[in-house]
Amino acid sequence: MTLDLFPCESTTTGLEAIGPGAFVLRGFALAQSAELIAAITELERRAPFRHMTTPGGFRMSVALTNCGTLGWTTDLQGYRYTTLDPQTGQPWPDMPDAFMGLAREAAAAAGFSGFVPDACLINRYVPGARMSLHQDKNERDFSAPIVSVSLGMPAVFLFGGHARGDKAARIPLLHGDAVVWGGQDRMRYHGVLPLKDRPHPVLGSQRINFTFRKAG
Ligand SMILES: O=C(O)CCC(=O)C(=O)O
Ligand SMILES: [Fe+2]
C-alpha cells in the first residue's frame, strides 16, 4: 500500500454544504477533465491567458482569459464585462457545449436548475499565485449562482461571509472539484490562498479554474 499524502483528486463524491446555498461537489468534473483540458488549448490559441491590471494599478498574479458572450476584464478604468477581447479586438471564443453542460449540471445538482451562463472566466494559477477576498458583483443578475470548476494543482479556497472581515472557511479544492454558490450565499466573499507547488500529473505546476456566471 502506498500512502498518498497529497492526493491529486477527491476520492469521495457527493455534495458538501458550505452554506445554505453553497456546496462543494467533489470530483464533479473528473469524467470530463480530459475534454476540458483539450478545449483550453484551443481557447487559449484564440484568446491567450494574460495578466490584467486592477483598477488600483496592481498586476494580477493569476493569468486569465474568457469564453462565452461576455468576458470579465479589469484595467485602470475598472472591472467590467466586454463582448470583445480587449487584447485581440475579437469576440471572446464561444463557450464550448461541454463547458455549458457541465456548468448547468453542477448548478442543478446544487439546487439551481435552469442556470444558463453567458460568461466563463478561466483563471490560471502557478505556484505563488493567489486571489484575494472579493465578491463576484459585476454581473447584472445576482439571482443566478456562480459555478466554479477546478483542474490541476490543489488549492485552498477561502469562503467567507457577507463582510470582508468575516472569518473565512478554508476549503481544499482538488482536480475535478466544483463549487456552486447562489441564493443567500451568492454575495459571499471568497478567494484563493497562494498556491503551493504540488505538480499535477497532467497539468504540471498549474491550476486552472473555470468560473461560470450569468453576467448580462
Ligand atoms: O480560482 C478560484 O477558485 C476562484 C476564482 C474566483 O473567485 C473568481 O475568478 O472570481
Ligand atoms: Fe470570485
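Cβ atoms are placed via backbone N, Cα and C, with glycine included.
Bear in mind that TrEMBL entries carry predicted annotations, made automatically and left uncurated.
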Which candidate from HIS175, HIS190, HIS200 does TrEMBL annotate alongside HIS134, ASP136 at the Fe cation binding site?
HIS190
Quick one: mean pLDDT on the domain 'Fe2OG dioxygenase' (116-216)?
98
When the number of other CB atoms within 10 A of each residue's CB is tallied over all shown chains, which of the binding-site residues HIS134, HIS190 has the maximum?
HIS190
Kindly report the helix/strand/coil residue split of the domain 'Fe2OG dioxygenase' (116-216) according to DSSP, in that order.
3 helix, 45 strand, 53 coil
